[in-house]
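The active site feature in Swiss-Prot is assigned to Arg23, Asn41. Residues or ranges marked as compositional bias 'Basic and acidic residues' in Swiss-Prot: 77-86. Annotation source Swiss-Prot lists domain 'Acylphosphatase-like' at 8-94. Residues or ranges marked as region 'Disordered' by Swiss-Prot: 69-94.
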Amino acid sequence: MQDPNIETLFIIVHGKVQGVGYRHATVRRAHMLGVTGWVQNMENGTVQAMVQGSPDQVDHMLEWMRRGPPAASVTELESRREDGGRRFKHFAQH
């Protein structure tokens with residue numbers, strides 16, 4: 001049974017988000033907030049992430065990802081709720 005206190009979001013970040021430390025900064029922020037999941041660069045220039053945690057933790061992470069680190073320029077952020085039983089143990093950069 002899915003834990004109602006755990007939320008999982010799949011996120012796609014568009015803009016100047018590669019070559020600017022976005023993934024590394026995302027991992028640092030995830031550790032600060034206590035969320036789990038992963039982040040990776042995609043061939044089309046976007047960054048994708050899976051973020052899992054309490055609704056409050058996930059909201060704070062999403063808010064940060066809309067801005068990213070200082071060198072990034074996020075133009076669009078897509079997110080969708082994932083309904084799956086997979087639980088992540090840590091936050092990883094791929």
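The backbone N, Cα and C atoms fix where each Cβ goes, glycine too.
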Can you work out which residues elsewhere in the same chain, 6+ from the ends of the compositional bias 'Basic and acidic residues' (77-86), have a Cβ less than 8 Å from its Cβ atoms?
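Distant contacts of the compositional bias 'Basic and acidic residues' (77-86): 2, 7-14, 50, 62, 65-66.
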Tally the residues of the region 'Disordered' (69-94) by DSSP class, grouping H, G and I as helix, E and B as strand, and everything else as coil.
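Across the region 'Disordered' (69-94), the residues distribute as 0 helix, 12 strand, 14 coil.
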How does the model score the domain 'Acylphosphatase-like' (8-94) in terms of mean pLDDT?
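In the predicted model, the domain 'Acylphosphatase-like' (8-94) has a mean pLDDT of 97.
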Determine the Cβ neighbour count for Arg23 (active site): the number of other Cβ atoms within 10 Å of its Cβ.
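Excluding its own Cβ, the number within 10 Å is 21.
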Around the C-beta of Asn41 (active site), how many further C-beta atoms are within 10 angstroms, looking at every protein chain?
16
Which of the three DSSP-derived classes (helix, strand, coil) applies to Asn41 (active site)?
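In three-state terms, Asn41 (active site) counts as strand.
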Can you grab the distance from Arg23 (active site) over to Asn41 (active site)? Cα atoms, rounded to a whole Å.
8
